[in-house]
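*Asks:* One structure coming up, written as structure tokens, with questions to follow.
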Amino acid sequence: MFRGATSLNMDAKGRLAVPAKHRDALHAQSEGNLVLTAHPHRCLLLYPLPAWEPIQSKIMALSSFDRQSSALQRLLVGFAEDVELDGAGRLLVSPVLREFAGFEKQVMLVGQGSHFELWSMEAWRAQLQQVMSAESVELPDELEGFSL
């Protein structure tokens with residue numbers, strides 16, 4: 001289970017060092033074989049390969065004749081790249097995905113349970129500000145009776 005938010009520095013080659021606490025779990029789940037892809041919110045998704053494969057199968061089972069489905073297929077599967085953690089626990093983000101997400105030097109790694117989101121620092125702060133300034137957040141019906 002991946003949780004927590006960590007600020008990472010991207011090097012000049014586009015590599016990010018994954019924190020040790022997550023690195024060990026990623027190696028245990030997938031031997032360091034990961035999938036990195038684009039998300040409609042202009043962040044990236046990082047999945048252990050075994051967790052990504054059933055998601056990709058579901059996405060590709062959608063009708064390619066439906067505009068929304070085919071757009072989602074192009075985004076999530078079309079941008080998907082196999083990446084590996086190197087010996088130093090780093091992953092390489094391709095120039096295409098760096099450009100898509102607007103990555104510069106600082107990147108936020110945000111645990112989402114089964115996977116991570118990677119955000120440019122600017123986009124991370126903007127979406128946090130948007131969430132925090134919302135006067136009323138509408139909850140999905142499934143969460144109406146939920147309390148923290």
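Cβ atoms are placed via backbone N, Cα and C, with glycine included.
Model, not experiment: these values are computed from the prediction.
So Swiss-Prot lists these for the protein:
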- 5-51: domain 'SpoVT-AbrB 1' (DOMAIN)
- 80-123: domain 'SpoVT-AbrB 2' (DOMAIN)
*Asks:* What residues elsewhere in the chain lie close to the domain 'SpoVT-AbrB 2' (80-123), defined as a C-beta under 8 angstroms and at least 6 residues from its ends?
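*Replies:* Answer is 1-10, 13-20, 22-23, 26-27, 32-39, 41-49, 51-52, 56.
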*Asks:* Helix, strand, coil residue numbers for the domain 'SpoVT-AbrB 1' (5-51) per DSSP?
*Replies:* 14 helix, 19 strand, 14 coil
